[in-house]
Each structure stands twice: as structure tokens, then as C-alpha cells.
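Working notes, beginning with the structure itself.
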């Protein structure tokens, strides 16, 4: 491959590193024995980290059903009465479910900024670990007062808010460009594995051992993970004693890493970049539908479709099982299409993202119209599952357009994308009364479908998979100037040779 062809290949795939990624080959290629590559041990640990992120977040969605359930009590005289641990109405439940995001929204940017300074591994690990410790205190807070319960949930959100920006700082140091989609997608699949396990497990734990057990079990798992993460994962391959010298060099050359450097963020360029705003719009849209279902699906299944609490937990988990499986598929497929040159990075991000959004729009509307117990679960499962392809679009797009600034971009973007977590449960609480009327739920699904469609249109017109000019380092700009000079020299040489032959 000539230098000119190398330059074209890199540009075609959206990678502008001054190393040719296609010519970088490890002596031991990546196989199914992933544990021989330390970067995939990091991916595995990140997977379990995100497992905790979402299991600690969604367990309340199921537990709150048990916490507010009216139980029939028969006394010794045969009299029947009803008791309830917490007499919260639908508006109070909406406030409780959204309170987590009041804290979550404020630490997104901070998490990204700190991640670039001290290392994403510490930010990611301590964010999840502290949330786990607070989860262990949740039953005590709930019994104390509603205000204390809300305070603990808000503080949990503060610490968990740094996780997504923190992991982007990890990917910026660990993920070769042609493996970004699959590495990030495998790790993000932990979100849905956590949801799949937490929802039915929370239902079973609440039914058998009482609702406090939900918080004790998942809080303990989170603390154990924190200890393992701090022992195993480092900020970059050069700091990891388990990472071989060859793998370290391969990663660093593929991403163009030349050593520690002070990163200056071009704030004006960032906030005037349409490619960045396309990511924000897409992230907001995906999260609206996702958080609506994440927080409200158990209540919808129980109150409107009349499933009991045990089945509600299992059925609520089915859509996220589909998404977890499809995330691994979409990540591998996205990378494969780039490696084979079938689609450019921009085409992969745009087609995967917008195709998923259009499908989600359709199936959300079908759910709104049908309102049948079986078909509603099927349509919701398809809608959520296909969201996996959107995550291979916008969720890794920050690393395409500005890898050095990816954690900060994710922090800013996820700040806006957290708004649905606050607004959606509150809005649903006001739209849907305590009766769970299906016509009120229909409006909830229509709103989600419309937001998916708007996000699709914005991302289609403004998304990019190319490294942005404002995100290029001085070394990359110098290398590009050399490549252009080389191209000009070769072109001049071809012209002179042709002229000589003609004479």
C-alpha cells in the first residue's frame, strides 16, 4: 500500500491518526481467547461496571411497586384490612423515580473533565462504588422520611453521573479506532444485563424477603466489583503491569498516543460543532424512550395490563435482554463494515442510528394503539432491542470526531441526555393517574415515538464520523501537511513521467 493509498484509507474510515491503522498488526491477532488481550479484560470489567450502574438504578423501579403495594391482611378474628408500607401517590412515586437524575445531571461535565486529569478508571470506579454504598443505606433512609429517601437518591445520582464520561476517558486510552464500536458496545451491554438481572431478581427478592433485600443484595455486589476494578484496571496500557509491551505499543500507535500531554479543550469550537449537537440530539431522544420504559414499565405492566408483581419483574426485563444481545451484534457489525470498507465511519454511525430510531418510532406507536398484554410486550421488546444499533451510532461517535476530548463531550452531551430521566417520570406521573388508564398511557407512548423521530432527522443531516478539524493535535496537523506535500510530489512526478513518455 502506498503512502497515498494509506492516507485515503485512513480518511475513508474516519481516522486521521498519523499512523496507518490498517498496517498495524499484532503478532498474536485477536481471537475468541479475549483474556489474552488486556484491553478486553478492561472491557469485561467495564461490562460488569455498567451491570452495577443499571442494577443500582433500576432496582427501585420494581422495589417501589412492593413498597407501595396495598396488601390484604387477615387478623385473628377473620377481619380483612389493608396495609401499605409507604402511602405514596403516583406523583410522589414519579418524584422518587426521577430524583436520582437531579443529582446525575450535575456531574456529567465534571466527570469528563476530571477523567482527563486523573484517569477515567478512578472516576468510573469510585462513582459506581460510592453509589453501591449509598444503596446499602437506602432502606434506612426510606424508613426515616420521604425527604431523606429523596436526598440519598439524589446523592447516588451525583456519584453515578461521572460514570459514562469516565469510561470515555478509558476508551480514549485503551481502544484502537477499528475496535471502538465492539469494545464500547460490549461494555455498554452491561447496562442491559444489569437491567435484565435486576428487574426479575428485584421482584423475587421483594416477594420472598421483603423490599429492603433488593437494596442490600445489589449494593453488596457493587462494593465487591469496586474492589476488583481498583485492583485490575489502570488509566492506560502503559500503566498496566498485565498489559504486554507489544499490546501496549499496538494500542498507542493505533490511537496516535505520544505520551502524557496537557489537553486544552477548544470550547468555542465544541459548542459551535453541528456534529456534536447531532450526537446530543440523538442521545436525548434515545434516553427519553429508554428512561420512560426503565422507570415506568413495571407500573404499566401491573396497573394497566394486570400482570402480578413476580411476572412484572420478568417481563420488564425481556426488552433489555434483547438489547443486551443485539448490542454485541451491532458493535461487531459496525466495526466489520468499516474494516471491509463497505461503509465509511460516517455512514455506519448515521445508518445504524437512524435505522434504529425509525424502527423504534414505529413500534412505540404500535404499542400505543394495540394495548394488548402479549403484543404490547412484543412491540416494546422490539423497540428497546433495536436501540442497540443506535448505541453503535451516537454512543461512540464522540471518539470519532474528537478522541482526546471524548470524555468531556460525553459529559456535556449526557447532561442534556439526563433531562429525560427527570422530566419523563414526572410527566408520566401527571399524565397517568393512579388508575393506570390505557388511553393515558397511549399519550406517553406517542410522545416517545415523536421524540425518536425528531432525533432521527437531526442526526441524519448533521452527524459525522470524521475527526473534526478543531480536534486535531499539532502532531496530526503536521502529519497531514506532510501527507499533502507527499501527495503533491507524487502527483507532480506522475505528470512529469507522463510528459517524458509523450516526448
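The chain as shown is numbered from 1 upward.
Note: Cβ is positioned from N, Cα and C throughout, glycine not excepted.
Pulled from TrEMBL, these are the features on record:
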| type | residues | note |
| --- | --- | --- |
| TRANSMEM | 40-57 | transmembrane segment |
| DOMAIN | 41-467 | domain 'Major facilitator superfamily (MFS) profile' |
| TRANSMEM | 95-115 | transmembrane segment |
| TRANSMEM | 122-142 | transmembrane segment |
| TRANSMEM | 148-171 | transmembrane segment |
| TRANSMEM | 183-201 | transmembrane segment |
| TRANSMEM | 213-232 | transmembrane segment |
| TRANSMEM | 274-294 | transmembrane segment |
| TRANSMEM | 314-334 | transmembrane segment |
| TRANSMEM | 354-371 | transmembrane segment |
| TRANSMEM | 377-396 | transmembrane segment |
| TRANSMEM | 408-431 | transmembrane segment |
| TRANSMEM | 443-462 | transmembrane segment |
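Proximity of the transmembrane segment (377-396) to the transmembrane segment (122-142) is not established, fewer than 3 Cβ-Cβ distances being under 8 Å for residue pairs spaced 6 or more apart. Touching of the transmembrane segment (40-57) and the transmembrane segment (213-232) is concluded from the presence of at least three CB pairs under 8 A, sequence neighbours closer than 6 excluded.
Counting Cβ pairs under 8 Å that are 6 or more residues apart, the transmembrane segment (314-334) and the transmembrane segment (122-142) reach fewer than 3 and are not in contact.
If one looks beyond the transmembrane segment (443-462) by at least 6 residues along the same chain, the residues whose Cβ comes under 8 Å of a Cβ in the stretch are 274-275, 277-279, 281-282, 284-286, 288-289, 292, 296, 350, 353-354, 357-358, 360-362, 364-365, 367-368, 393-394, 427-428, 431-432. Sequence-distant contacts of the transmembrane segment (183-201) (same chain, at least 6 residues past either end, Cβ-Cβ under 8 Å): 39-40, 43, 46-56, 58-59, 61-62, 167, 171, 174-175, 217-218, 294, 298, 313-314, 316-317, 320-321, 323-325, 327-328, 330-332, 334, 388, 391-392, 395-396, 399. Under 8 Å from some Cβ of the transmembrane segment (213-232) lie the Cβ atoms of residues 41, 45, 48-49, 51-52, 55-56, 59, 62-63, 121, 124-126, 128-129, 131-136, 138-139, 198, 201-202, 205-206, 242, all in the same chain and six or more residues away from its ends.
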